[in-house]
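So the structure is just underneath, and the comments pick up after that.
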Amino acid sequence: MGKSLYQKLYDAHIVHKNKDDVPILYIDRHLLHEVTSPQAFEALRLRKRIVRQPNKTFATMDHNVPTTTKNINHSGSMAKEQLDRLTKNCKDFGITLFGLNHPYQGIVHVLAPEQGITLPGMTIVCGDSHTATHGAFGALAFGIGTSEIEHVLATQTLQQIRYKSMQINLSGIIAPQITAKDIILAIIGKIGHGGGSGHVVEFCGPIITLLSMEERMTLCNMAIEMGATSALIAPDRTTYDYLKNRKFSPTGKNWEQALLYWKTLYSDHDAHFDKKFDFDVSNVNPQVTWGTNPSQVISIDQPIPSLESFIDPIERNSAERALIYMKLQSNTYLTDVSIDKVFIGSCTNSRIEDLRVAAQTIKGHHISKNTQAIVVPGSKLVKNQAEKEGLNKIFIQAGFEWRLPGCSMCLAMNNDRLEPGERCASTSNRNFEGRQGRGSRTHLVSPAMAAAAAIAGRFVDIRKFK
């Protein structure tokens with residue numbers, strides 16, 4: 001029997017395996033940020049250990065950074081301490097740091113791919129749950145905890161169980177105005193918040209070949225929201241074209257050798273998957289979440305489901321609590337719901353293609369007088385490219401705030417957050433209670449849907465927006 005892509009990557013990285021032990025995998029890339037790394041570095045110092053492979057370790061500042069200024073003192077005392085400690089830790093241990101004033105600084109899951117730090121066939125870890133984003137390149141990437149960060153820093157290895165595998169085959173025809181964000185939200189709505197638990201997901205099928213690398217990253221980024229450990233997409237010509245001539249990509253003969261290996265990274269036709277799921281994208285409409293986890297999602301033209309429609313009592317109780325928290329009612333439409341803020345950004349939707357779509361949507365319009373809207377590019381490279389194309393001017397003329405790169409309003413770890421009771425149309429990946437601030441109400445949407453909501457001051461069907 002053949003092997004799946006996940007099996008190939010896992011087996012290729014085993015460096016130690018006993019009959020009764022969990023295998024130890026070699027880690028090709030270790031990505032760091034300021035929030036989950038301080039304790040790991042402190043543990044290294046206490047044990048008088050060094051970073052085993054600093055040249056395979058990269059750090060950035062993203063979670064806590066201010067997006068209105070480059071002045072680190074404006075980030076708050078706790079955030080400033082974490083940022084200062086990351087600077088010292090990287091200097092002491094010889095690690096490359098993309099700090100606030102570095103020309104490549106950005107969100108870790110935006111920066112690493114665009115720099116060519118992420119490459120097919122690699123194992124990649126980061127102390128962040130959305131590390132699966134890098135799986136769009138055919139890399140086995142997953143989030144780890146602080147104790148595991150210490151272990152990887154010290155040994156460049158990690159003990160890792162072999163998870164089950166799930167194949168999601170995408171077919172059909174993508175309708176106009178439908179994006180990768182709509183597709184993945186619809187999949188999560190179908191499979192459920194825990195439907196991928198204990199599995200590594202591989203997205204495949206004819207639809208994948210039509211998607212850009214940025215769209216593929218959106219799919220893999222949100223696979224975690226169906227409970228998956230990681231997500232994968234086999235590399236192809238689109239992948240190679242994206243990576244060629246990137247800062248850290250191989251060059252010359254090394255590039256040719258890499259291509260030979262990358263072209264072996266696919267699931268064999270007779271590979272075994274523990275679960276298989278076929279999904280026709282033809283019927284996917286613009287999606288918007290109504291509840292407090294990403295699986296509580298509907299098409300914009302559908303009513304919020306009634307509690308009676310939930311057969312599972314646990315799901316029914318979750319829905320009831322979500323409706324109370326979100327201050328919504330069953331059998332009503334989100335197109336009648338006004339919003340307070342709009343956030344276009346995060347490691348899900350802050351890349352140049354996302355900003356182009358949002359800018360195209362709002363061009364010639366102005367945001368609603370009662371709405372605050374911010375755009376936060378995922379990196380300085382994205383920001384520079386957007387400004388080169390004049391997208392920043394379109395946003396500013398429409399009343400949006402054009403910010404500096406960072407995680408921003410995706411999570412309440414910095415100055416960008418919602419006030420209690422405020423409602424936000426957000427291009428981020430999580431809508432949990434309090435995710436964007438205490439008492440915040442988050443609705444996940446695509447960049448186009450978020451942009452249109454900013455103009456209308458409420459949720460609208462992007463297909464009818466003019």
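Even glycines carry a Cβ here, placed using N, Cα and C.
Remember, predicted model here, so these are calculated numbers, not experimental data.
The [4Fe-4S] cluster site recorded in Swiss-Prot comprises CYS407, CYS410 together with one of CYS220, CYS347, namely CYS347. Between the binding-site residues CYS347, CYS407, CYS410, the minimum number of other C-beta atoms within 10 Å of a residue's C-beta occurs at CYS347. Cβ proximity to the [4Fe-4S] cluster site centre (mean Cβ of CYS347, CYS407, CYS410, cutoff 8 Å) flags the following additional same-chain residues: ASP62, HIS63, ILE107, HIS109, HIS130, GLY345, SER346, THR348, SER350, GLY406, SER408, LEU411, SER428, ASN429.
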